[in-house]
Amino acid sequence: MGKGDPNKPRGKMSSYAFFVQTCREEHKKKHPDSSVNFAEFSKKCSERWKTMSAKEKSKFEDLAKSDKARYDREMKNYVPPKGDKKGKKKDPNAPKRPPSAFFLFCSENRPKIKIEHPGLSIGDTAKKLGEMWSEQSAKDKQPYEQKAAKLKEKYEKDIAAYRAKGKSEAGKKGPGRPTGSKKKNEPEDEEEEEEEEEEEDDEEEEEDEE
């Protein structure tokens, strides 16, 4: 999918997200020219939040309640656009295409970015993640690449078993097309099926990111 619906209400923020936003504003006022070390900043915010009293947290909880009320009110009046993607139905039992190393990295780091930049758009979040990934050293990327390789290996085994099962079931149902052309066309059909699966899964991954 491309960009999400611009008319969709902005998501509600938690009390902690409001607290982090306040911390960022304070930091910008004190150090307008310095850049923020994301990992250190997140750690300091988390530690500070844990030591705060219930009374200190209450103002952020009030902000979160107000924002939730705003979100619920806007969602009642929100009408999602009609005629969204209507593809063919996918077999829910089909193995899901494995994520890439970059996708695993994004899944891990996206929540942190949302906390630090609560108002950031989907496109800007993706851009930020891309920049963070490119700054990672080969050593830092290695755990994600190893995990992705294992998931890919498992997927290849699962999809082979799934297709073998599908063929045996199709055989039981009887001839669905002229037998003379079956062997010749099978490899091409498999490639077409795989391409369709990949395209649909790519779209699903983009939806998940939204």
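From the backbone N, Cα and C atoms, a Cβ is placed for every residue, glycine too.
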(message) With respect to Swiss-Prot, which of the residues Lys28, Lys114, Lys139 bears the note N6-acetyllysine?
(response) Lys114
(request) Out of Lys30, Lys85, Lys182, report back the residue that Swiss-Prot marks as N6-acetyllysine. (result) Lys30
(request) Restricting to the DNA-binding region (9-79), report the mean pLDDT as a whole number. (result) 88
(request) List the helix, strand and coil residue totals of the DNA-binding region (9-79) as derived from DSSP. (result) 54 helix, 0 strand, 17 coil
(request) Quick one: pull the CA-CA distance for Cys106 (cysteine sulfonic acid (-SO3H)) versus Ser100 (phosphoserine), whole Å only. (result) 10
(request) Please report how many Å separate the Cα atom of Lys43 (N6-acetyllysine) from that of Ser100 (phosphoserine), as a whole number. (result) 27
